[in-house]
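Student: Right, I'll just put the structure down here and ask away after.
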Amino acid sequence: MSESQKQSATQDTPPKKIVVITTGGTIACTAGRDGALLPTVAGADLLAPVAARFDAADVSFDVRELNRLDSSSMTFADIDEIRRAVEEALADPEVTGVVVTHGTDSMEETAVALDTFHTDDRPVVLTGAQHPHDHPDADGPLNLLDAINVVTSPTARGIGVLIVFGRAVLPARGAVKWHTSDELAFATNAPEEPTRADPVPAVDLADVVVHIIHAYPGAPRDLVDSARAAGADGLVIEAMGSGNIGTGLAAGVGDALRDGVPVVISTRVPRGEVCGSYGGAGGGATLNSLGAVGSTYFRSGQARVLLAIALASGRHPATLF
Ligand code: ASP
């Protein structure tokens, strides 16, 4: 191709259009006088230094500041709002993809929700930071740059929602925050190419109540009974080992299942899948025979979101795991 042909090819290709939705998190935090971190940085200010690294003829940006939240305070209503913002962004056919900046504490929950509803081939990538914006080693700008590079890459199309963080690119399904401070904040417990369930038509989660109960040895059934009394529509049990719980809790779980309350069994073990192998009152095989659903490779946070989506959309929970 001659120089003039190359030039006219560049001129004919419109810039890739990236929507950046900002929601808060450490990436947007600065330290106050007492040293405590709060999300204070506007979306436009987060993006500006990173956007400056791209040629405007190649990539254009539209930043939408949705919120300035610590993600540990997010509710299902906040996830609904982020989902709607992503849908709105992708309603524009000229948009190449979407980056969502988000706190790390509950990024895995938002990511799996967006992925479960995602019907579009265009990529959605979540990113954030472990160090705040005003830290000398702030990792947010590089994470945001990597997220934008992934979103503009044709290889990111058709593979669902991703977390790009600490130089790693992870599918949303199975991702877990695994380090409280390391720049490689996320790991995955999923198989190499996790199968995605058929996307679920968008539905709000704000009114769904799913509680997670930690099944420590000797945990009493009262934990299940009080969750039900508090209005739980479904329960996730963070079991021991491959998915086993003690006798007391098992009695409460059995009653919940008999009364039609769906129960998903996850585990407190970081790696491997849940499998119902054991008999006895709280063994995984017994819980399965009563109708509990194993969370496969998902851990409790994402299992809770998937169960909520199943409840809100009228699907059997097993179809989403
Ligand atoms: N607490 C912060 C949040 O989740 C942590 C972070 O972003 O890394 O919003």
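Just so you know, glycine gets a Cβ as well, placed from its N, Cα and C.
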Student: Need a hand: TrEMBL gives T104, D105 for substrate, which of S71, S73 is also on that list?
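Tutor: Record check against TrEMBL: substrate site with T104, D105, extra candidate from S71, S73 is S71.
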Student: In three-state terms from DSSP, label T26 (active site) for me.
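Tutor: DSSP assigns T26 (active site) to helix.
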Student: Counting only residues 6+ away in sequence within the same chain, which have a CB under 8 Å from the CB of D105 (substrate binding site)?
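Tutor: Same-chain residues close to D105 (substrate binding site) (Cβ under 8 Å, separated by 6 or more) are G25, D70, S71, S72, K177.
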Student: In whole Å, how far does the CA atom of T26 (active site) lie from that of T104 (substrate binding site)?
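Tutor: Taking the Cα atoms only, T26 (active site) lies 8 Å from T104 (substrate binding site).
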Student: Restricting to the chain of T104 (substrate binding site) and a gap of 6 or more, list residues whose Cβ falls under 8 Å of its Cβ, or answer none.
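Tutor: Sequence-distant Cβ neighbours: G25, T26, S71, G128, A129, Q130, F165, K177, A185, F186.
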Student: Can you count helix, strand and coil residues in the domain 'Asparaginase/glutaminase C-terminal' (210-319) using DSSP?
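Tutor: Computed counts for the domain 'Asparaginase/glutaminase C-terminal' (210-319) are 43 helix, 20 strand, 47 coil.
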Student: Please give me the CB contact count at 10 A for S71 (substrate binding site), counting all chains in the structure.
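Tutor: Counting Cβ neighbours of S71 (substrate binding site) within 10 Å gives 23.
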Student: Sort S71 (substrate binding site) into helix, strand or coil using the DSSP assignment.
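Tutor: Going by the DSSP assignment, S71 (substrate binding site) falls within a helical segment, counted as helix.
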